[in-house]
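Annotated in TrEMBL:
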TRANSMEM  20-37  transmembrane segment
TRANSMEM  43-61  transmembrane segment
DOMAIN    63-140  domain 'YdbS-like PH'
TRANSMEM  172-193  transmembrane segment
TRANSMEM  220-241  transmembrane segment
DOMAIN    251-301  domain 'YdbS-like PH'
TRANSMEM  350-368  transmembrane segment
TRANSMEM  374-392  transmembrane segment
DOMAIN    393-445  domain 'YdbS-like PH'
Amino acid sequence: MMSNPKHLHPLSIIFTLFKAYKNAFYGLLPIIVLAIGDGFLGWTILGLGVLTIAFIIYALISWRRFSYEVDSEQLHIQKGILIKKNRYISKHRIQSIDLSQSIIHRPFGLTKVDIETAGSDKDVDANLSAVTMTEGRHIQDVLKGMKQQTAVFDESKELSNEPHRLVSNRELLIAGATSGSIGVILGLFGLLFSQLENLIPNQLFNATTTWLFSQALETIVFLVLLIVLSLWLLGILGVFIKYGQFKIIRYDKELFITRGLLEKKQMTIPLKRIQAVGIEESLTRQPFGLATVYVVIAGGEIGQTADTHTLLFPVLKKSKIQLFLNRILPEYADVTNDIHPVPKRSIPYYLLRSLILPTLIVVGSSLFFIPSVWIYMMTLILLAIILGLLNHRDAGYNLDQKFLTIRFRRFTKETVIIPSKRIQAIETKHHFLHHKQNLKTFKVSILSKMSGRHLWVKELDSDSNDEIYDWFQGDAQT
């Protein structure tokens, strides 16, 4: 039993309601579109009304049944509507306690508390969706003793004398302009456009399409360019909203990051959980000498992408990355950038891998006897060949005292710096063609979110593979 249980702020009811709608959205959207298209608008509104009432009741009961208690040794959370669940999180397993403020939190002086533990299973983590900022800081102080970091939330105070780096508006503009998010936005826009016929009256849709096709080619081109430009500017705005007021501060045992205009997030990264540092150069940024810096974290981490890494800085000139690491992560700053490339005799393998999918597309298209599509298919084949050559050119490795550096490309060029003590395993393999050409592929495994992260350099010279293996067995174990 809890001796002094506390409840979340009533505003958490709104967040539970939003979450319920979010979870139901993808299942409901096709039903709503079909129902409206078939003329069942009234029934659709009635159904959504009943569903909203059910969600509100669920959110109210969830809030009432959720309580927590913090003491000097642990966090105790009790929740559950039909089945009561008790979760105990020891302070000794807590890796980070992060605060974030959405646009809804901030007017009420509230914050969300996210707690990350040493385990990678998300079920052992916890979050308090709405508590006062004072309570959030109290939880940090009691469980982690993080008084030095909480001052950063007060924007009226000066930054500490600790090593730090802020992102400028110019850097945010460059990050947004080269983010490549316009492709995602165009995809979503195309999906929405394909459903317009079902969402708007037929008379309006037919009148609009008739007017559009009656225009001169110049007008249509102008409208298309205007839409693309608007979506590109929308992508830039999204970067400003996500990474505005970005600050990173280095403390003795952890990195501290705040970011966000509408949703202000605070992230704490313990240095002992950093497994590797990565430098990412996308196709839209590499021509301008720009890159993104990230870290690979052991276990789950708030703000991780699907590639299981955590952003350290949105965009930097490659020439300034060394200075950035000197200031923020000096442990990784002295690693040389010299990369030993894979041998030229491995080019056919890189070309083969890049050509498999385009070749299947070309063969599949040829079955339908579409003559006009061949020029596009040949362009696709040419682009695949170029990508294969780039993948070969950028692949390589470097050994530098206690660090292994791996460079590779899929679409994005990545350079990953791994301390030897963070390497969990090294694996080499080859087939009979590799054996004849004195080639091997090696894989490096490091801890990361859930199942870990595996990095490959394919078709490397066998002697180089042996050198890496001997280094790992020798220097890495001392």
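Glycine is treated like the rest: Cβ placed from N, Cα and C.
TrEMBL: automatically predicted annotations, no manual curation.
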Please average pLDDT over the domain 'YdbS-like PH' (393-445) for the predicted structure.
91
Out of 43-61, 220-241, 374-392, which stretch touches the transmembrane segment (350-368) the most, going by CB pairs under 8 Å?
374-392
Same chain only, please: residues at least 6 beyond the ends of the transmembrane segment (374-392) with a C-beta under 8 Å from a C-beta of the stretch. Say none if there are none.
342, 346-347, 350-355, 357-359, 361-362, 365, 408-411, 413
Secondary structure content, the domain 'YdbS-like PH' (251-301) (per DSSP, counts of residues):
6 helix, 29 strand, 16 coil
